[in-house]
Amino acid sequence: MSSLGLGLLLKSLGPQAVMTPDPTVEFSLMGFAGNPELQLALFTAFLVVYLMTLLGNLGIIILIRTSPQLHSPMYYFLGNLALVDLLYSTVVTPKLLSDLVRQKPLSYVGCVTQVFVFSVFLVTECFLLATMAYDRYMAVSHPLHYSVLMSPRLCVQLVGGSYLAGLLNGMGQTIGMLNLSFCGSVVVNLFFCDLSLLASLSSSDSTLTSLIMTVPTFLFGVSSSLIVLVSYIAIVSTILSIRSAEGKCKAFSTCASHLTTVSIFYGNGLFVYLKPSSLKSREEDKWVAVLYTVVTPMLNPLIYSLRNQEVKEALRRLRARKRT
């Protein structure tokens, strides 16, 4: 989001909707600046994790596109999940690495852009995981009609709806950010611009921003969580109705990778947003934020590649083609 784009957005919203931003405002993302003795170790660890995130998610995307046996709804969704993981990790991690080397304030436009992009991809991931839960329900409960029920058109619509929900959330969070006013240099005790923390640091009334944060969290977070929950209740019910132990194991194995990913993602999110705020919890939240912004995007491709026989077989064939 450039300065021109921000200006156009401000004009479209009208003078009553947002505060006039002060171009001199800067945000010092302190992150882990309070631990100078650990900065080299943290930089090395985060760099390794980020490189693994890039390689893992790009590898999944390329593997799905180049392997005909992976051209199915499940892997279409997985490819989009890998893309979202790659993008929203890239919004945060490079700045984190840069600040560990040399602390440099983030401009107002930069902070708004980070809030917007991160909000878009965070909610997009929520709905992609919900879509994948629905897809697993169809695969387990209606295996004979799966290819008809999960048509290419429906898959595109589900993915498009996930991105649209993310875009709506990003626009709402950006409006909430633009409604806040700040003075001079703002010290943020986190490694990225988090709107809930910025609202507490604002010098203006943050009532509207708090409302804007709460409503999308309820609408998008709860709705996507319910889709996952209902889908897995139906999946468990179907698995329990299968008589053979082999059939039960086969049905469960189709959901194991997704269930692991969902547990990590929503577990981290619930910890952050439901835990009471305090100075102690803020320090703990910083490390939890590392899990869902830095570590989880690295884990997802590992979970799907290590536990999935189809991905392993596609990777083996790709290596064999390269050798020949």
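Glycine too: its Cβ is placed from the backbone N, Cα and C atoms.
Annotated in TrEMBL:
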- 56-304: domain 'G-protein coupled receptors family 1 profile' (DOMAIN)
- 43-63: transmembrane segment (TRANSMEM)
- 75-94: transmembrane segment (TRANSMEM)
- 106-130: transmembrane segment (TRANSMEM)
- 177-198: transmembrane segment (TRANSMEM)
- 218-240: transmembrane segment (TRANSMEM)
- 252-274: transmembrane segment (TRANSMEM)
- 286-306: transmembrane segment (TRANSMEM)
Report summary line: Sequence-distant residues near the transmembrane segment (75-94) by C-beta distance (under 8 Å, 6 or more away from its ends) are 46, 49-50, 53-54, 56-58, 60-61, 64-65, 114, 117-118, 121-122, 124-125, 128-129, 131-132, 135, 155, 158-159, 162, 191-192, 293-294, 296-298, 300-301, 304, 310
**Report entry** Cβ-Cβ under 8 Å with the transmembrane segment (286-306): same-chain residues at least 6 beyond its ends
**Finding:** 31-32, 46, 49-50, 52-53, 56-57, 59-60, 78, 81-82, 85-86, 88-89, 92-93, 96, 189-192, 194, 257, 260-261, 264-265, 268-269, 271-272, 312, 315
Query - Contact call for the transmembrane segment (218-240) and the transmembrane segment (252-274): at least 3 Cβ pairs under 8 Å, seq gap 6+ - result: yes
Query raised in the report: Which residues of the same chain, at least 6 past either end of the transmembrane segment (106-130), have a Cβ under 8 Å from a Cβ in it?
Result: 1-3, 6, 21-23, 25-29, 77, 80-81, 84-85, 87-88, 91-92, 95, 159, 161-163, 165-167, 169-174, 177-178, 182, 192-193, 195, 198, 216, 220-221, 223-225, 227-228, 231, 258, 261-262, 265-266
**Report entry** Integer mean pLDDT for the domain 'G-protein coupled receptors family 1 profile' (56-304)
**Finding:** 88
